[in-house]
């Protein structure tokens with residue numbers, strides 16, 4: 001690794017993945033296709049929710065907010081991944097590196113809080129159906145959505161600012177984007193205290209939200225099992241299954257990287273796991289929320305019919 005000034009470095013080098021020159025173009029095209037499909041899928045959900053009155057419910061409002069978040073989340077890291085596939089080891093200015101670090105973790109923490117809010121929405125819909133409309137009014141929806149963004153971007157200030165003020169002796173980042181652990185390995189000083197602070201902030205934010213989600217779904221399960229008919233139970237479970245799948249994908253990969261011990265994993269494993277929550281999860285979310293969803297299919301049919309009517313003219 002290259003040594004640089006102990007106080008500051010103007011540029012970091014993103015190592016990306018180590019692969020052969022033959023596989024690089026294929027990896028680039030595959031990543032680009034998934035990225036474009038991710039953007040298209042999440043934009044499709046946003047437009048559909050905005051244009052179809054049948055989806056004007058709190059659940060679909062929060063799904064559209066999640067899709068909006070995923071557009072930014074995937075666009076924070078995938079462009080640098082594409083650049084490393086195309087050009088190999090890629091320089092990134094230190095300011096851009098720390099900005100990427102902050103935005104990435106801000107959006108990640110925002111998603112943690114948003115998934116908790118979405119679980120709360122399902123809990124109120126199933127366990128408090130008579131009061132649901134009053135408890136989840138439009139004003140409450142907007143307040144909850146805004147609060148997740150404020151909380152996420154505020155919580156990420158701590159790890160991002162601590163990492164940004166470290167003195168760096170090395171500049172080769174063993175990753176395809178600027179993340180906490182790869183950057184701290186380049187510091188000139190002992191970063192064990194910083195790692196503990198990062199773990200505490202991220203652990204408390206994600207851990208508390210995860211326990212909240214588990215608790216809410218425990219309440220949902222008890223309520224569903226008390227429903228009189230199998231059809232009612234199946235319908236209630238179907239409204240929650242998509243959200244539970246997204247939660248499992250997001251938290252399993254995030255906990256593995258940020259809570260588990262990095263020393264016990266093989267070199268390069270973190271980069272592979274990161275692909276799950278930086279690329280795969282945003283790609284799968286639109287599919288998970290729309291697959292076998294009758295309400296979405298009906299909304300697509302209504303919007304398509306309206307478009308056909310407009311195109312035919314008077």
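Note that Cβ sites are derived from N, Cα and C of the backbone, with glycine treated the same way.
Database features, via TrEMBL:
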DOMAIN    41-289  domain 'G-protein coupled receptors family 1 profile'
TRANSMEM  26-50  transmembrane segment
TRANSMEM  59-82  transmembrane segment
TRANSMEM  102-121  transmembrane segment
TRANSMEM  142-162  transmembrane segment
TRANSMEM  200-224  transmembrane segment
TRANSMEM  236-260  transmembrane segment
TRANSMEM  272-291  transmembrane segment
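Across 26-50, 59-82, 142-162, 200-224, 272-291, stretch 272-291 shows the highest tally of CB pairs under 8 A with the transmembrane segment (236-260). A contact links the transmembrane segment (272-291) to the transmembrane segment (26-50), because at least 3 Cβ pairs that are 6 or more residues apart lie under 8 A. Same-chain neighbours of the transmembrane segment (200-224): 105, 109, 112-113, 115-116, 119-120, 122-123, 126-127, 155, 158-159, 233, 236-237, 240, 244, 247, 251, 254-255, 258-259, counting only residues six or more beyond its ends whose CB sits under 8 Å from a CB of the stretch. Averaged across the domain 'G-protein coupled receptors family 1 profile' (41-289), pLDDT in this predicted model comes to 87.
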